[in-house]
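Pulled from TrEMBL, these are the features on record:
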- 31-51: transmembrane segment (TRANSMEM)
- 95-116: transmembrane segment (TRANSMEM)
- 128-241: domain 'Water stress and hypersensitive response' (DOMAIN)
C-alpha cells in the first residue's frame, strides 16, 4: 500500500522525486524525507481552492467595492439628479409662480382698466336761490344761485375744465351758469354753487306760457352742460367729455325743485 502511494506520488510529481525504497525502513525514511512533498501534495488542492476562493473573494470584494462605488456614484448621481430634478422642479415651480404673478398682475391691470374706465358723472340740481329780481314788463331779469350736486362714480379722481351750464325754457335760452375748473376725488360727491343770470327778454317771448305755469305752479326748464376733463387711469391720462341734459320741474313761485330727470352721454378720447 505504501509502495503504491509512493509510486503514485512519484508519478504525480512527474519524476522529479525518485523513490527507491521498497522496504519498511526505506518507506519510512522516504516518507520522512518527503513529508513536505506529501504535505504539498495532500494540501495543494485545498490550498489552491483556498487561494482561488481567496483570490475570487478579493476580486469579489473589489468588484463589490467597485460596484458599491458605482452604486454610490450612481446613488450620488441620482442624488444629484434628484437635487437637480428638485432644483429644476424648484425652478419650474418658481417659473410657475412667476407666470401666476404675471397673470395675476395682467388680470389686475385689465380689471383696473375696466373698473377705472371713466363713468358718467351724475348732476342733480338741488336748489335754486333767487338773489335778485328786476321786473320791467315785459322784461324780467333775475339773478339766481344754482346748487348742483355732482357725484363722481369713478375709482380715480377727475379733473375738469371750466364750462357753462345753459338753461332753456320752451327751447329758448334763458341764461347760463358758469362752472369753474376744478377736480373731484374718486367715489365722492360735491356740491357746486353756480351763479346764473336769467334774461327776461327771452322769457317775455313766452309770456302766455309763463303765466300759465305760474298759475299751475309748475315750470319746466331744460339745462345742458358739456364738461371736459381728464381721468388718470394707471399711468395714462384719458380725456373725456360728458354732455348732461337735465329736465327740471320748478315751482315758479317758491322756486322749489319738484322733479328732475338727468341724462348723461360720455365720450372718451385716446389719451
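Including glycine, each Cβ sits where the backbone N, Cα and C put it.
Note that the coordinates shown come from a computational prediction; the quantities given were computed from them, not determined experimentally.
Mean predicted confidence for the domain 'Water stress and hypersensitive response' (128-241): the pLDDT average there is 82. Each residue in the domain 'Water stress and hypersensitive response' (128-241) gets a DSSP state, and the totals come to 15 helix, 76 strand, 23 coil.
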